[in-house]
Structures are given as structure tokens and as C-alpha cells.
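What Swiss-Prot annotates here:
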BINDING   20-27, 68-72, 126-129, 156-157  GTP binding site
LIPID     C215  S-geranylgeranyl cysteine
LIPID     C216  S-geranylgeranyl cysteine
MOTIF     42-50  motif 'Effector region'
Amino acid sequence: MGAYRAEDDYDYLFKVVLTGDSGVGKSNLLSRFTRNDFSHDSRATIGVEFATRSIQCDDKIVKAQIWDTAGQERYRAITSAYYRGAVGALLVYDVTRHVTFENVERWLKELRDHTDANIVIMLVGNKADLRHLRAISTEEAKAFAERENTFFMETSALEAVNVDNAFTEVLTQIYRVVSKKALEAGDDPTTALPKGQMINVGGRDDISAVKKPGCCSA
């Protein structure tokens, strides 16, 4: 249902970024979603890389351009360019390493400093399959997400649990906001937003108003 399509066969192009500490599984989340692949020998990402995948929202094809960068301090110089134009983000921590959750607040600040105030953000607790090593409760993370007005989901890139759901939910929310704004303006969403054009997701009220289950299919 629209999972893997021709490169130019899409109605919308949304830039989504992955952020969070090094070693939390960002690269494996990306490879699991875009290639259904998982690497047990996943080294820290050097520089920046991105991958794409298209999904279907209503009768439209939404192409996600998902960017991945290492969470290590020495790559901080690329942040401005990395975040520029992003309309969605997955902020990832490792449920077995509390320090990665403690750093979420700093990553969130950096994300908001470098993007539009209304970017759609999903807090992601990865490595949920390591139940016996869990250091952050679901309740603690959920409370943080509610306080910061972000979405929240726990995933396992290893077991392919909730990975598609996390990415699809972010894309769904972006699509809904963009469609709603185009309709309010009296425009056809597709013609109003040519391929490759920067998407402005509008006011925060729009974001909070559409926090409902996703409508898109992977």
C-alpha cells in the first residue's frame, strides 16, 4: 500500500530528522523503516546520511526524506544545515540508558532552536525489547512528552516493533496540518505545494488540534 514507489512518484516531500544521543539506535530505526534492515554491527554515523520512503495518506503519496546524524558532540557544527527545512523529528533515547533520556531535554531545545516552532516531534524510546535492562519507565517518558507537547512511542528496531508506526504517525500529522492549511486557504493541497517546496506547518494550535490516530498507510 504505497510502501516502496518510484522516486518521483509523490505528491508531498517532507524532511524528517532523527536526533538524540549516539548509540540509541537512530541509524537502525532509519534502516528498519526505509529498507526493513537491521545491523547488529551499527557503528556511529559519520557525518550525515539520509534515506527516503513513501507512504500513502488518503489518496496522496507522501515521500519522507529522513536525515540521520551521529549524536556525538564533535558533529555539532552541522546542526543548522541538518535541521533546516525539517517539518518532523524523531527524538530518540535508549530505554536502557537513563543518561540518554536525561539528555532529551537538551536535544529538544536544540531542535526547537533550529526549526520552526511548530515542527511535529515524536519522542521515541528505542530498544524496548531489552525489558530486563529497562531504566526509564513508559510512564516517566509519557509524562515528559505530554509536558513538552510532543508525541511519544516506544520502539524496537531489532524486533521491528512500532518503527513503522512512529514514522507514519509523524508523517500523518504533518500531512494533516498541511492539508488543513491548504483547505482553509481555499487551495488544492497538491497544487498549493509543488514538489520540493518548503513546507510551513503553521501554528501550534493546529498541531495540538490534530493529535489523533494516524490515517496514513505504510
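Just so it is clear, glycine is given a Cβ too, placed from its N, Cα and C backbone atoms.
Note that the structure is a prediction, hence the values are computed from the model and not measured.
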Cβ neighbours of K26 (GTP binding site) where a neighbour is any other Cβ within 10 Å: 29
Alpha-carbon spacing, G23 (GTP binding site) to C216 (S-geranylgeranyl cysteine), which is rounded to whole Å: 29
Surrounding CB atoms that lie within 10 Å of the CB of A128 (GTP binding site), all protein chains: 21
Per-residue pLDDT averaged over the motif 'Effector region' (42-50), given as an integer: 69
Cβ neighbour count (within 10 Å, all chains shown) around G23 (GTP binding site): 17
T69 (GTP binding site): secondary structure state under DSSP, collapsed to three categories: strand
Pairwise Cα distance for K26 (GTP binding site)/C216 (S-geranylgeranyl cysteine) [Å, integer]: 22
Lowest local Cβ density among A157, C216, which the record lists as recorded positions, within 10 Å: C216
Count of other CB atoms lying within 10 Å of the CB belonging to G20 (GTP binding site): 27
Helix, strand or coil at G20 (GTP binding site) [DSSP, three-state]: strand
